[in-house]
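Written below as structure tokens is the structure these notes are about.
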Amino acid sequence: MLQRLCGSSDGVDRLAFFRSMHVMVTERQDVPKEFTRTGNTDHHGVAHPIDDKKIFHYGTAGFRADSSLLPFIVYRMGYLAGLRSRFLNKAVGVMITASHNPENDNGVKLIDPKGEMLEASWEKAASKIVNCTDLEFPTVCRAMESEFAATESGHALVLSAYDSRPSSKYLQTALLNGVKLSKSQFKSFDLLTTPQLHYIVRCENDPNYGSPDEDGYYQTFASAFNAMLKLTDRGTHYSPTLHLDCSNGVGASKFKQLISRLTDGVLNVVLVNEKGPLNEKCGADFIKIAQTFPNGFEKIEALQRCASFDGDADRLVYFYRNKSGDFVLVDGDKIAVLITRYLHEQIIGAGLEKELSFVVVQTAYANGNSTKYIREKMGLEVKMVPTGVKHLVHEACKYDVGVYFEANGHGTVTFSERFRKLVFSKDSGEGIELKRLRGFSTLINEVVGDAMSDLLAVEILLRHYDWTIDDWANQLYLDSPSCQLKVKVNDRSIFKTTFDEMTCLQPMGLQDAIDAIIASNGEGRSFVRPSGTEDIVRVYAEGSSAENARELAEKVADAVRAITDNADGK
């Protein structure tokens, strides 16, 4: 039914169609004008009407756009969140954030009861309800209520938070109004990091997991860190001093509260970029893409350990200046391998290597040398999945221990119920390795990738190995130099890849051309994949040097252009 309501009527007048159903299609009086498509108004009070033909898509990160376009979207997502809560009879979350995007952007995404991403079938519902006209909106709402939540629930509850963008607080007003329309309860935690809200939603639905509030978050992870300290000796090389780029985001104030609860003197954090334009020449995404120091770090001393959050603190990368004065990035792949090495050693020490399944989940963008190290040096399984956090999470949860990180620094570790029964059982004993496994599984926020808890975990492991950041960057594996390019195409839909996105199936002949280019290069790897949102093809290449990687990427990009020109008849 929803398809009929939101699709075209093929020549049939829409208004006549709705009247024929005896449905009231006039604008609902309880929808504030500023939160309709036609009256959409931003946080400055400026109207930005949205053309009925403009289409929005709910993706992995929810809806993201310039903040001026979002009030009506956030309103409708508030309604849908309430409906989702009624349908499940559980609390759900709504986070207002655009993560690493520029400050003028914003976004909204729904969080399911276990703190996970919104179920895929409801992503489609989200797109449908946002893309219908104001005239259609009441009828679409009734259709959804009939399909998903015919009865009201006394436990319907929407939990919300927002990041530090100027538009966020106003957008939460739109959200509140939408939730009211769904006849659900609403609770705001105001300013939070995205992972904090994910964690709170999980706790609200599972009280055994923790206290469902901000203080409960700090208590859980600070206590876990302090407990791990007692199991981790400090050597002579590890330094407690860390310079942290906060991306001028919400992570600055929230991490202050977290570290205030840590044992005195164990972590000396110097916060940089606490206030200012969000993500502007700072933050994890900027550092990863620009491969340079963020604002405020231009004169950082050689070998000083540095880290960076993104705007909503769900990504973490490390970096430093080496002895030659060059910038060195320690990305999500290095974090994944560090954690994997530690967990694997503790599992072996506890005698559980035959009892617990273990996997590291990566995408095609993971540095090839990291994959090789895990498979060949550690003898562990690596699963390659398509780009997108939901794919990594899905695969990781199939195993007792699942480590997943994207190179951009977003990731965590998942633990199965079997892991918890074995590791936390009194029959398993009280050896140091078991204690560490118990402690680490509490220290890491397995609900979602969390820059703050990930940072605490990394610091414990560097302390455990008594490593400097230079040790970490060089003692596991050395990154293979890489290059990424974008190629504009007329129609990205003609490009098809295998599930792991590492081999191009269509257009025919393109993969053969890529293979020939790699063979003539002598070493390296390259793959292409279409963008999910725009008509471009992304090219990734690794080579023997930075220059070689770029040459390889450019040759593959030329092959993409050549084959698309032929397809276009040029």
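Cβ coordinates come from backbone N, Cα and C, glycine included.
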Report the candidate from Ser99, Ser121, Ser520 that shares the Mg(2+) site with Asp310, Asp312, Asp314, as recorded in TrEMBL.
Ser99
Out of the recorded positions Ser99, Asn408, Pro530, Gly532, Arg538, give me the one sitting nearest to Asp310 (Mg(2+) binding site) by CA distance.
Ser99
Can you count the other CB atoms that lie within 10 A of the CB of Pro530 (substrate binding site)?
21
What Cα-Cα separation, expressed in whole Å, is found between Pro530 (substrate binding site) and Asp312 (Mg(2+) binding site)?
27
Other residues, Cβ within 8 Å of Ser99, Asp310, Asp312, Asp314 Cβ centroid (Mg(2+) site):
Thr97, His100, Asp163, Thr193, Thr194, Gly249, Ala284, Phe309, Gly311, Ala313, Arg315, His410, Ala451
Cβ proximity for Asp312 (Mg(2+) binding site), under 8 A, sequence spacing 6+, ordered by residue number, returns Met95, Thr97, Ser99, His100, Asp163, Thr193, Thr194, Gly249, Val250, Gly251
